[in-house]
Structure formats: C-alpha cells, structure tokens
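Shown next, in structure tokens, is the structure this report addresses.
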C-alpha cells in the first residue's frame, strides 16, 4: 500500500511539474516577444512622447516593462517547477499575488477616478498639440496616432488652430483621436473585460499550481522519509 501511495505521489508530482513548466515556458516566450517589440519601438522611436508631464510613458517603455515582468515571473515558475525548488515556487506565487492585487487596485482606481483621468488626459493632449511644431518627438507621436487611427486632433480638425497637419485624413468631418479611442474602448468593453478576466484566471491557476506542487513536494518527501 505504501509503495502504491508513493508511486501515485511521484506521478502526481511529475504531472504537476511539467504542466507548470510548459505553462510558464509559453509565457516566458510571450514575454520575450513583448520585450523584443518594446526594444524595437525604443530604437526606432516611431511613436515619440505624447505626454510631456510623463516623458517615460511611451509605448516602447510600457512593452519593455510588461515583457520584463512576464519573463521574470515565468522564469521563476519554470525553474521552480522543473527543479522542484520550494523557494522559487513560493517566490513565483508571491509575485503573481502582487501582480493580481495590483491589477485589482488599478481597476478600482480607474473606475473611481475615471472623470479626473479623462480631464488629465485631455489636458495633456491639448498641451502636446501646442508643442507639435516645436518638438520633433511630439510631432512623431501625433503623426503616428493620426495615421494609425485615421483621426485628427483631440476632438476634430478644429483643435489644430493653424490647420490640420498632413497626417490628418482629408475628410473635414473626421473624428478626433481621443473621441475615437474612447468610442473604440466603450464598443469593445465586453471583449476587454473577457480578456482581463482570462488573464486573472490564468494568474490564479498559476498560483494554485504553484501551491499544489509545493504541497506535493512536501508529501513526496515525507513518503520517502526525507
């Protein structure tokens, strides 16, 4: 009976170990891709700086930070599972817990301060429009956004007092970029919500696998008398 229990314990441990390993390996590869894309954006600087109050808030920096975090967390999960290292597994669990709590707090803050955030973004965009002709980085940011979203200004062509730039569509009734971005967000709110929930579920599953594997290592060690 003891032999059979020990065999089942080892099988469960191996299954959990490889599930968690491949689960994190996939995320590590995704993290590498995101980091690489962020570095590419930083090198080519296609999007420039839109908010001068937050000069570090560029698309490239966001991708680099997100990619780096995913890589570190996934690396801990990979090594902790394949090496059956309880310290690495608990580090993986704690980091995932911190990320999950940060996401929940961020979502609450965005909901509570939505109006203030809208005002802050609108003010920052207005300031950047005034810098369009004097700052190359701001010019690059606006040109990229207007070409990509097929929009003009914040609320429309009237935002450009000296006339819309060449990156604006030729249609005089074209939508403003901020209005178009908000409309896109509200029209795709359901899909954004589903993706967010899926990410949270994946994080909870990762935490559950890490804790279960940690407990399974303890049980297996006890069954073989370590």
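Every residue number used here counts from 1 along the chain in the order it is shown.
Yeah, the Cβs are placed from backbone N, Cα and C, and that goes for glycine too.
Sequence-distant contacts (6 or more apart, same chain, Cβ under 8 Å) of residue 168 (disulfide bond) comprise 146, 151, 152, 153, 157, 160, 174. What TrEMBL records for 152-168 is disulfide bond.
Residues or ranges marked as transmembrane segment in TrEMBL: 21-43 (among others).
Remote same-chain residues near the transmembrane segment (55-76) are listed as 24-25, 27-28, 30-42, 45, 47-49, 88-89, 91-92, 95-96, 99 (criterion: CB distance under 8 Å, separation of at least six residues from the stretch ends). What TrEMBL lists as transmembrane segment is 55-76 (among others).
According to TrEMBL, the feature transmembrane segment maps to 88-113 (among others). Residues 24, 69, 72-73, 76-77, 79-81, 196, 199-200, 203-204, 206-207, 210-211, 213-214, 217 of the same chain lie 6+ residues outside the transmembrane segment (88-113) yet bring a C-beta within less than 8 angstroms of a C-beta in it.
Annotated transmembrane segment per TrEMBL: 189-213 (among others), in sequence order. Residues 13, 16-17, 19-20, 23-24, 77, 80-81, 84, 89-90, 92-93, 96-97, 99-100, 103, 107 of the same chain, all 6+ positions outside the transmembrane segment (189-213), place their C-beta atoms under 8 angstroms from a C-beta of that stretch.
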Neighbour count (Cβ, 10 Å) for residue 152 (disulfide bond): 28
